[in-house]
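Asker: According to TrEMBL, the protein carries these features:
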DOMAIN    23-287  domain 'NADH:quinone oxidoreductase/Mrp antiporter transmembrane'
TRANSMEM  56-80  transmembrane segment
TRANSMEM  92-114  transmembrane segment
TRANSMEM  152-170  transmembrane segment
TRANSMEM  177-195  transmembrane segment
TRANSMEM  201-222  transmembrane segment
TRANSMEM  234-253  transmembrane segment
TRANSMEM  273-293  transmembrane segment
DOMAIN    289-342  domain 'NADH dehydrogenase subunit 2 C-terminal'
TRANSMEM  324-345  transmembrane segment
């Protein structure tokens, strides 16, 4: 792809997200979401392959349906209340809007497009889809969190964590595993949305840091499936060891950064006297932890010996991803500054 075209598309992605983040009018927020969708589709199809075309088509149809629902719900809201302000919603518009934004994010039961779309993309576009594209819809959910139906959100949250954990168990493709990981993490975010939007923002920040770190490591190691991941120890032992720890962070094991949001969310849900839902969420997180552990052991211990055909010990030349060391440090060491993070977000 031409550097000029790429710069225009990346700028459009940034402009669309910033437009949605800074808007107080539903029509401007909808326009930002549309710009986001239209900017990423050429990035999806730059890899000339039938899978990429299929992914772009599925993504476009899903996002167009969600955008139509958003426009429909906000028009009904303007018809009933006589205003387009984001912070004022009637109950019917709130429910339709929740479903539409769940479709955009890939929250269960509207998640079926996400694994297939992510599998057809290259790793860098997959990184953008898994991180940057979550910002605008999640921001809208946070902005209207006080008017949402908490029962509907909790139902989708529990379903997302179960589907995200169960669906990733038998996967061998790294991009599909990351898709189911995304579904499970989104479940944790929307669970706490109506009770503590601050924790939702914290969870989103940490999810983006962890996912970006893992995708950048996969780009460096050329790993798109478990078999390729098994040979990564021969290429870059240090990066492979850090990848194991980052997978543990995604699973939510202490003392990594991934443990922080799960701990705070379960604590808040217990304060709200929702012990049963907290227990179900914690148990479903074990399903996700299982396939993260499987990937970690694949890198180091449990696969058959993967001996290089060469007699020489070789190392790959790392790509110049200058943000990778910073993101790895943030993925592993945010626990001690938890109070500072919460204060900054609040």
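Cβ from N, Cα, C; glycine included.
Quick one: how deep are these features, and who are their neighbours?
Answerer: Non-local neighbours of the transmembrane segment (56-80) in the same chain are 26-27, 30, 33-34, 37, 40-41, 44-45, 88-90, 92-94, 96-97, 99-101, 103-104, 113, 116-117, 120, 129; each lies 6+ residues outside the stretch with a CB under 8 Å from one of its CB atoms.
For the transmembrane segment (152-170), the residues of the chain that approach it from at least six positions outside its boundaries are 95, 98, 102, 107-109, 111, 115, 176-177, 180-188, 190-191, 193-194, 274, 277, 280-281, 284-288, 290-291, judged by C-beta separation under 8 angstroms.
For the transmembrane segment (201-222), the list of distant contacts is 123-124, 126-127, 130-131, 134-135, 138, 142, 174, 178, 181-182, 185, 188-189, 192, 228-229, 232, 235-236, 239-240, 242-243, 246-247, 249-250, 257-258, 260-261, 264-265, 316, 318-319, 321, 323-324, 327-328, 330-331, 334, 341-342, 345: same-chain residues at least six beyond its ends, Cβ to Cβ under 8 Å.
Residues of the same chain lying 6 or more positions beyond the ends of the transmembrane segment (273-293) and with a Cβ under 8 Å from any Cβ of it are 154, 157-158, 161-162, 164-166, 168-169, 171, 177, 180-181, 184, 187-188, 191, 247-248, 250-253, 262, 265-266.
Among residues of the same chain six or more beyond the transmembrane segment (324-345), those with a C-beta under 8 A of the stretch's C-beta atoms are 198, 201-202, 205-206, 209-210, 212-213, 216-217, 220, 242, 245-246, 249, 254-260, 264.
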Asker: Any residues 6+ beyond the ends of the transmembrane segment (177-195) with a Cβ under 8 Å from its own?
Answerer: 102, 105-108, 111, 114-115, 117-119, 126, 130, 134, 138, 141-142, 145-146, 148, 150, 153-154, 156-161, 163-165, 167-168, 171, 203-204, 207, 211, 214-215, 250, 261-262, 265, 268-269, 272, 277, 281, 284-285, 288, 291-292, 295
Asker: Is the transmembrane segment (92-114) packed against any residues at least 6 beyond its ends, judged by a Cβ distance under 8 Å, and which are they?
Answerer: 33, 58-59, 62-63, 65-67, 69-70, 72-74, 76-77, 80, 134, 137-138, 140-141, 144, 147-149, 152-153, 156, 159-160, 162-164, 179, 182-183, 186-187, 190
Asker: Mind looking up the mean pLDDT for the domain 'NADH dehydrogenase subunit 2 C-terminal' (289-342) in the predicted model?
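Answerer: 71, rounded to a whole number.
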